[in-house]
Amino acid sequence: MNTLPGQALPRWRRAVLKVGSNLLAADGGGLTPRHAEALAAFIAASHAEGREVVLVSSGAVAAGRALLRQHASDGGGLAARQALAALGQAPMIALWQSLSARPVAQVLLTHDDLRNRRRYLNARATLRELLQLGVLPVINENDTVSVDELKLGDNDNLAAIVAALVDADLLLIASDVDALYSADPRRDPAAVPIAQVAALTPEIVAMAGDSGSAAGTGGMRTKLQAAAKAAAAGIPTALFSGREAATVQALQHGQLRGTLIAAGSTRLQARKYWLRHAPAAPGRIRIDAGAAKALAGGRVSLLPGGVLGADGEFHRGDLVEIVDADGAAVARGLSQYGAAEVRRLAGRHSREIDGTLGYSYGDEVVHRDDLVSMNRPVASGQEIST
Ligand SMILES: Nc1ncnc2c1ncn2[C@@H]1O[C@H](COP(=O)(O)OP(=O)(O)O)[C@@H](O)[C@H]1O
Ligand SMILES: N[C@@H](CCC(=O)OP(=O)(O)O)C(=O)O
């Protein structure tokens, strides 16, 4: 039973919710809606309030294993696990669809997809589009092609990477344990729950053990790794029990009965800091006076109409300098198009992109979420991007 007092959940508009296998296969066999129901109700209520939730759901291996058990034993090696995941993806998605009035979209990702700049941007564009369409994205690792060196390894880490990918302002991790404890509570009856973690020090990390069950993968260790990744991107993490319907309902009212792991800085600060200081590609985008003025004011995207040209070489997704007609630095950002493409798009209207290139990655040359103005301080508590 949860003995932690409630605490305020950080304000959020877009969250990633990670649901572990232990919750979905709570009876030790195949998937059950027992705990998923309350989580689906939370997602629906959040959506009705104008918030966006991206779901990262485990459970495919557990679902596959339950199906196969009726026919044969699964062996236990990597290929067997991959086969079980392939078998279980559809039932896992079906479970969420059965609990959601909105359409559910399946998204399978690997580490390789997220390391590759082009695929990273494509995954992000797809997820943004799904959210705009009002669809519930359900993400899982693409276990079929995830061999060891490509594997994210667990969905806790995948959820943290997705949180940064979709610019979430909160990472919610629902598990079968109600908090981070001072030691694994399955092994140490004297372990006490921890309500707040200000920083993931080595002492805190040492408290985390691995999974206590066959269904789960990483235990608390991967949850803290995920929280560290999220914190580095300026995203706080909330750990709570998805077994307690009252705990899940309390989230709806902004109350967390679990562990809150703070982010070092705000999401916007972390992102803007990175955009400002990371090494840029050997190339730059030149813009006209009107675009320079708009970008200096902040919170706007760079459209092709304001572009004069591009110098040097850079690729889609590269961080580039944006300069005015005199070569003075105005901003930095991730270009949606490569240098050759930007040269062709210079001065054109966004609606001409498709006709000019034969394809389009979006209306913006640099999206406002990927842009930092060089003459504006990165203030704390700035508005969260939409
Ligand atoms: N310090 C700790 N505090 C809480 N839980 C811990 C700790 N160390 C290990 N664990 C284990 O982590 C488990 C949750 O992780 P896991 O089994 O991977 O679940 P999930 O399927 O939700 O990802 C808990 O049931 C618990 O036994
Ligand atoms: N891709 C696997 C999930 C692996 C995983 O991370 O599981 P868990 O520790 O329960 O979140 C599956 O769907 O079974």
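Just so it is clear, glycine is given a Cβ too, placed from its N, Cα and C backbone atoms.
Going by TrEMBL, these are the annotated features:
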type: BINDING; residues: LYS18, SER175, ASP176, THR217, GLY218, GLY219, MET220, ARG221, THR222, LYS223; note: ATP binding site
type: BINDING; residues: SER58, ASP143, ASN155; note: substrate binding site
type: DOMAIN; residues: 283-366; note: domain 'PUA'
Those binding-site residues, out of SER58, ASP143, ASN155, that come within 10 angstroms of GLY218 (ATP binding site) at the Cα
ASN155
Got a sec? Which of ASN155, ASP176, GLY218, MET220, THR222, the binding-site residues, have CB under 6 Å of any ligand 2 atom?
ASN155, GLY218
CA pair LYS18 (ATP binding site) / SER58 (substrate binding site), Å rounded to integer, equals 8
Which binding-site residues of LYS18, ASN155, ASP176, GLY218, MET220 contact ligand 1 in the sense of C-beta under 6 Å?
ASP176, GLY218, MET220
With a 10 Å radius around each C-beta, find which of these binding-site residues (ASP143, ASP176) has the fewest other C-beta atoms nearby.
ASP176
Could you give the Cα-Cα distance between THR222 (ATP binding site) and ASN155 (substrate binding site), in whole Å?
9
Rounded to the nearest angstrom, how far is the Cα of ASN155 (substrate binding site) from the Cα of MET220 (ATP binding site)?
12
Per the record, substrate is bound by SER58, ASP143, ASN155: how many Å separate the farthest pair of Cα atoms?
11
